[in-house]
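The block underneath contains the structure these notes are about, expressed in structure tokens.
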Amino acid sequence: FARVWIPDPEEVWKSAELLKDYKPGDKVLLLHLEEGKDLEYHLDPKTKELPHLRNPDILVGENDLTALSYLHEPAVLHNLRVRFIDSKLIYTYCGIVLVAINPYEQLPIYGEDIINAYSGQNMGDMDPHIFAVAEEAYKQMARDERNQSIIVSGESGAGKTVSAKYAMRYFATVSGSASEANVEEKVLASNPIMESIGNAKTTRNDNSSRFGKYIEIGFDKRYRIIGANMRTYLLEKSRVVFQAEEERNYHIFYQLCASAKLPEFKMLRLGNADNFNYTKQGGSPVIEGVDDAKEMAHTRQACTLLGISESHQMGIFRILAGILHLGNVGFTSRDADSCTIPPKHEPLCIFCDLMGVDYEEMCHWLCHRKLATATETYIKPISKLQATNARDALAKHIYAKLFNWIVDNVNQALHSAVKQHSFIGVLDIYGFETFEINSFEQFCINYANEKLQQQFNMHVFKLEQEEYMKEQIPWTLIDFYDNQPCINLIESKLGILDLLDEECKMPKGTDDTWAQKLYNTHLNKCALFEKPRLSNKAFIIQHFADKVEYQCEGFLEKNKDTVFEEQIKVLKSSKFKMLPELFQDDEKAISPTSATSSGRTPLTRTPAKPTKGRPGQMAKEHKKTVGHQFRNSLHLLMETLNATTPHYVRCIKPNDFKFPFTFDEKRAVQQLRACGVLETIRISAAGFPSRWTYQEFFSRYRVLMKQKDVLSDRKQTCKNVLEKLILDKDKYQFGKTKIFFRAGQVAYLEKLRADKLRAACIRIQKTIRGWLLRKKYLRMRKAAITVQRYVRGYQARCYAKFLRRTKAATIVQKYWRMYVVRRRYKIRRAATIVLQSYLRGFLARNRYRKILREHKAVIIQKRVRGWLARTHYKRSMHAIIYLQCCFRRMMAKRELKKLKIEARSVERYKKLHIGMENKIMQLQRKVDEQNKDYKCLVEKLTNLEGIYNSETEKLRSDLERLQLSEEEAKVATGRVLSLQEEIAKLRKDLEQTRSEKKCIEEHADRYKQETEQLVSNLKEENTLLKQEKEALNHRIVQQAKEMTETMEKKLVEETKQLELDLNDERLRYQNLLNEFSRLEERYDDLKEEMTLMVHVPKPGHKRTDSTHSSNESEYIFSSEIAEMEDIPSRTEEPSEKKVPLDMSLFLKLQKRVTELEQEKQVMQDELDRKEEQVLRSKAKEEERPQIRGAELEYESLKRQELESENKKLKNELNELRKALSEKSAPEVTAPGAPAYRVLMEQLTSVSEELDVRKEEVLILRSQLVSQKEAIQPKDDKNTMTDSTILLEDVQKMKDKGEIAQAYIGLKETNRSSALDYHELNEDGELWLVYEGLKQANRLLESQLQSQKRSHENEAEALRGEIQSLKEENNRQQQLLAQNLQLPPEARIEASLQHEITRLTNENLDLMEQLEKQDKTVRKLKKQLKVFAKKIGELEVGQMENISPGQIIDEPIRPVNIPRKEKDFQGMLEYKKEDEQKLVKNLILGNKPRGVAVNLIPGLPAYILFMCVRHADYLNDDQKVRSLLTSTINSIKKVLKKRGDDFETVSFWLSNTCRFLHCLKQYSGEEGFMKHNTSRQNEHCLTNFDLAEYRQVLSDLAIQIYQQLVRVLENILQPMIVSGMLEHETIQGVSGVKPTGLRKRTSSIADEGTYTLDSILRQLNSFHSVMCQHGMDPELIKQVVKQMFYIIGAITLNNLLLRKDMCSWSKGMQIRYNVSQLEEWLRDKNLMNSGAKETLEPLIQAAQLLQVKKKTDDDAEAICSMCNALTTAQIVKVLNLYTPVNEFEERVSVSFIRTIQMRLRDRKDSPQLLMDAKHIFPVTFPFNPSSLALETIQIPASLGLGFISRV
């Protein structure tokens, strides 16, 4: 059902949807509101008007309100709200009006990058913006040669002043100024002044403009700003003496009070703002966030910039302070009709002192007034109330006069002597106002808005009429509101103003009598005039916006603007000179200029006729009423506006609380009605508001056509289709180029299109769903068959299993039955066998018992019989032995008697020896016993010792595990030895040992238990340790991996940082070169202008023409003598050439010098920082201390040298400034003048002093560099400045004279002559600072390279250290694993062995290092001897002082002369006088498209180098200098003349680089000779070192490269937006949406429209030209990278500024276009050039347009994907995302906030747009040529027949 808008008291309009179709005659509509409620809407029975229809969602949020199909108030309000709240867009077009809604927030959409983006663009091509309106006005002024006006209106606080300020800033930025006086800065500087004296804080706005102003910005014929003029209207004087609650007086008063403590303001005797009556009434003296003291400083700075002197500024502040003190003057009543001022009243005394008037006189006239009659004059006292009113009137009058005076002075400062060709006016005036109490001020404001609205309506009507007539549409008169009756009511005869003036002339006229006259004249006669019901002192006027009730009270007083003439006379008699100036216009009969209590008229307009008449006429003229003055000034304004082309800006205040991005519908509708936006909509809607070109209509609604309807004629096709789609022919009209539709028809067509697309979608969905279901059915069928197959197989397997089980059961039964029968048989058989066995056993046992009994009886008998026989034997034997003994006893007794007789003779002897024998026997027996005991003990001891030893071994093994076995073994060994020594104590020891053994056994048992427990604990700990070991191993591996990754990342980051720093330095250096070339061009232009200005030179001072132009002489190298001889001839130039000193240029150059000094300081700080880093890295690098020391010493010497030069130059600058200030400009430049003498003395002293100092520094450098060469091999990094070779080049100077000549040549290379110095910059400081910066750049670059090398070495060392740590870690882990596997006793030995091995290895390593260090010391000693020898030779060479002339005369290689004459050596010879001819034919006359097409690439460079080789061969330094200088200057001249031709610039960039490479390749330096053949090495230069020239050529190549980038940018820029964004490469993907009055550029490829193919063709052209010219491949890659960056940056910038381009389909188009560019890169083998990476922001923006944008996961994906886009760019794209079709959805506000929250921690640039002007720093890598010089042939087409081959 349809959606409609219904009125609502809160939201103004509510959206609802019909629940039931409407039928004619229905009185009630059933509606469903958006909040979910149902509603019965009753139609008005009288009008029966239906609710407004709502536009399709596809049309909501359009840039132009006129693009809406249904044009009415709710549609406009909703569109503005959606753009303001959802998309954060504050600007919207409404036809020719720009609607600007105040966001109350700072937005990043006013930067210089935005200005550049809008510059030169069509108004409809970009999103609405104040810059777009300003660009349209600027473009129309230039195109139509008609003055323009921008009318900015709106309520207080709506942003009028800010909009006007931004418009003026745009003009100032885009146009620039015609002179060097910075007029645009002065125009912008007028804003702070006018804001301070004309703006105040109100309840609605903290910075409300309380006056209207019209600023005319003047332009010359080249449309550059030359001046400005300001007219002001309706200053609110009443604010000076009265402020409402929460309001303030004008800002300037509070600024004065805040600055009262300044010394210069002490005389004003000010204090706090609360101390003054005129500043404390509002009760709000402070504005939050505003520092009045700082604002005062800004105001004074602006006054100074506009030429208001300090004395006049103090005069202004005196008058303002006097007004504040006047407000504190109090009156005391005498009676009802008189009053007095207290004597010596302090406020009045201060006022009189400040104003310079008499106290008594002023005191008198403040309390009295003079009345003049026809005959007499009376002085009458006045009451206290009247005196207070007179005091306030005087304060207002003084302020108004001061305001006029300031405006006059501002206009004088902005006035230009150059004739104004055209202007653009910016009108900033109040909008329509209505308050609870409306007085004279609101009446004048609304009267002005009535006039402006009438002019606006007429202009809109006129544009509509012109459009219809242009398209030949039948013109029907549109009925629109004409407010002429309201204007007549106010300004016609007997109108309100006329009656007011008449009443003011009446002696007794009052507000009441005037009100009665109004009622009598207009009530019931004019429909627009009404009388309130309950009041006789008010009236109502029906304005175009609303009815307003005005209170009559105060009208007459404000219209009269009464000020007592006596008080004015007192002020005119002031001793303060400035005060009477304010009242001079009171005596002159000029056009109305006095500011009223509520308004003023311009000072700059004079009447049409001079007013020469009687004094009475002058007095009468002076007494014009405020209303009359305002009406006249308004008529003048309208005449001005009608003579210009107006552009309208309507400012809307979204809420009254200043909340950011908060939209109050009620307030917005009030202002839309008041500012005329809805009237524009109504006028547009009355005719044919929707307009389409035929091509756009066809592209959008192609889906509604059938194939047979499409004809080759698009116009006829559209006509045929429309006749079928819309039957009512009155709903559309066919114009010449457009189709015009009535309101609602586009919505109808969009509905048809959406229905067709929906039907197509349904059909596609139907087909896809059918295909999906068919696929699903086939899948299910296949699955069912598979299931059946498996089920049947399962059933068959089950049946087979059943059969197998049945068969198995039968078999089991058979075997079971068999088993049962067998078991029963076996049981019976077993039982039988058991019975048999028991029975047989019983019988056998009985038989065995019988046999055993018989056997035992036999044994008993045998034993008894044996015992009886033995007993009988023993008794017989005993008797026999007894008999033998008796017999033997008897025989012994006989023998004893014989022996006793023999013994008596030896008895004494026997007595002596008997004791001895006994003792011997005893001893013998004892010895025998002891031997036996000893043997037993020995055996026992041996056994015990064995036992003990075994036990000791066991204990020792146990004790070794506890690491105590050694001590116990010693104790045991000691015990064994003591046991062996003390045999006697063995028993005791044995017992003790046994007891100890028991203890030891107990201890061993206990120890065994403890050991077992300890072993179990150790096993557990071992398991834990293994786990910890594994964890540690894993952690070590992980940490090593992390450390490796961290180091790699750190290395990559440091490398990237170093590269970024290097690129920054290169970019800074190349920017300086760019600035240098710009100043150089400026200098040349100034010289040409000066030459043209000279007409008649004085006789005797005519300058002789030189062979070179001024530009050519810039790089001429000359000797010191030639320079000194040339100075007198230069000084003899005509004085007419010396124009007066251009102070603006001088100030600019001074500013530039300051900037360069600051840059130098930054570079110096950077150098210091790098030095600190080098010192830190030096501590780590132990192998190269001498090299580092040499470099640091060289850098410190260089820095000291630069600092001393800088100080000296500053001193010289001060002396020169002093000399210049003493004389006038023409005398300064004359010969003999002080400045001239100072300059000559400085030049002479500088040259002499620098020669001496340079010799010393260069000698030191040569020594340091020679050390560096000996220690460190040359390493060529191929940088743009060849900094590593720069130091080595110094060595090749033969003597001190040659060094001096090289320095003089360098000095002249980087600056012009002394006279050129003076003409460019009076003190030459700019050039010298620039040269110092160049040298500092070289040092920094060399430092960066050395630091890069040190970082690489450090990284390599760290990698090696990491590797060694990894190996050591692995070894430790292996050792630990092995130790854990060993038994405890072996671990100690293993650890000791490992420690010994480690120490041995370390010792060996240290020995190797010691040997290396010894070798290094010996080597260094040898090198030191070589250095000493070299220094001695150098000193001897310096003593010889060989002159340059002698060097030229002596042949360099006399031996090779015969061979060179016979064979061609790759050299070209020319005569000195043919040099200009050579340069002309080879450079100036060589055209890339002509002669140079068929040449080998780089031929001019080869020719020039061969000429240089010949001059080097001849040792002719003058010829080398002259040729190289002429070459450089000629290339510059060619590029200046044909610098916009890509082929020319590319050709000379290629040749310059080739020339530079030739100078390097054949320089004789090892770093550049690596790729040379032996023949090429023979061609190296022998006499001259051209390293400085290589630097000059490198700088020239950089300048040419930058010029090449600018040329290709100018060529590509018109193609990029059309080809990359607007053109539909994939046709039909995105249809064109309806557009409004501001038509954008068509995206359909018409003739002349650029497409992507156009860009690719242009890229192919660029690439082929560069390849044809032989440009280095690396340089081509850099150019391509720059081109792709320009394409990506411009495309992305336009995408960010165009809402209509931010859609899903456009994202697809962009991605396709980018893929085509990538394909082009692949075809050209340029994918590694870095060009693709420059397109990454554009690619991500296109992806952002296409990705899903709903959930948090989508937000996370977007944040991770868009890393090349800034947060501001991502949010901007999401805010601008606009669906092209109804199937797409807008991005919700909550999703955008989610993105912002996720990206809040990202640190990126707040800048919205990319810098499309950015140029990457260029490098020129060394690219040697394989071409042999002797094989090069010179074609005759070059015209170089005068050159001969050598």
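Along the chain as shown, residues are numbered 1 onward.
Using N, Cα and C of the backbone, Cβ positions are placed for all residues, glycine too.
Feature annotation from TrEMBL assigns domain 'Myosin N-terminal SH3-like' to 1-51. Sorting each residue of the domain 'Myosin N-terminal SH3-like' (1-51) by its DSSP state yields 0 helix, 24 strand, 27 coil.
Per TrEMBL, domain 'Myosin motor' is recorded for 60-754.
Residue density at Gly154 (ATP binding site): 27 other Cβ atoms are found within 10 A of its Cβ, drawing on all protein chains shown. Per TrEMBL, the feature ATP binding site maps to Gly154, Glu155, Ser156, Gly157, Ala158, Gly159, Lys160, Thr161.
Taken from TrEMBL, the feature region 'Disordered' applies to 589-622.
Taken from TrEMBL, the feature compositional bias 'Polar residues' covers 591-604.
Taking H, G and I as helix, E and B as strand and the rest as coil, DSSP gives the region 'Actin-binding' (634-656) the counts 9 helix, 8 strand, 6 coil. Annotated region 'Actin-binding' per TrEMBL: 634-656, in sequence order.
The coiled coil annotation in TrEMBL covers 906-1089 (among others).
The coiled coil annotation in TrEMBL covers 1146-1222 (among others).
Residues annotated as coiled coil in TrEMBL: 1330-1430 (among others).
Under the heading domain 'Dilute', TrEMBL lists 1525-1801.
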Among the binding-site residues Gly157, Gly159, the one whose Cβ has the most other Cβ atoms within 10 Å is Gly159
ATP site, defined by Gly154, Glu155, Ser156, Gly157, Ala158, Gly159, Lys160, Thr161: further same-chain residues with Cβ within 8 Å of the Cβ centre: Asn102, Asn205, Ser208, Ser209, Gly431, Cys651, Lys653
Count the other Cβ atoms sitting within 10 Å of the Cβ of Glu155 (ATP binding site), across every protein chain shown. 24
Measure from the Cβ of Ser156 (ATP binding site) and count the other Cβ atoms within 10 Å, all protein chains considered. 19
Excluding near sequence neighbours, so keeping only residues 6 or more apart in the same chain, what lies with its CB under 8 A of Ala158 (ATP binding site)? Ala100, Asn102, Gly431, Cys651, Ile652, Lys653, Gln671
Using a 10 Å cut-off on Cβ-Cβ distances across all protein chains shown, tell me which of the binding-site residues (Lys160, Thr161) has the largest neighbour count. Lys160
